[in-house]
Amino acid sequence: MRILQLLFAIVVILLLQDAPARGFSDSQLCRNNHGHCRRLCFHMESWAGSCMNGRLRCCRFSTKQPFSNPKHSVLHTAEQDPSPSLGGT
């Protein structure tokens, strides 16, 4: 009888050990890649995957500026400006 109890305990322990056999969870992988699990990413973050089995997003700080406008950041000269000139030719 004691052997059956011991075998039952071993089987239960083995059944509960399947999570580490699958590898890291997606939340742990997100943290390892310098990300944060959030419901929505902030405007300076990019979506880099999922967390909590797809319920949350893995957000990482992006190096790109998401709201930059190239027209206002670069000065255009008359040669680069594609708009027609108002002066006569």
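Backbone N, Cα and C atoms are what each Cβ position is placed from, and that goes for glycine too.
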Cysteine paired with CYS59, where Swiss-Prot records a disulfide bond, from CYS37, CYS41: CYS41
Long-range Cβ environment of CYS59 (disulfide bond), under 8 Å and at least 6 residues apart: GLY35, HIS36, CYS37, ARG38, CYS41, PHE42, GLU45, SER46, TRP47, ALA48
Candidate with sparsest Cβ neighbourhood (10 Å radius) among CYS30, CYS37, CYS51, the listed disulfide-bonded residues: CYS37
CYS30 (disulfide bond) and CYS51 (disulfide bond), Cα-Cα, nearest whole angstrom: 7
Neighbouring C-beta atoms (10 Å sphere around the C-beta of CYS58 (disulfide bond)): 23
Neighbouring C-beta atoms (10 Å sphere around the C-beta of CYS41 (disulfide bond)): 18
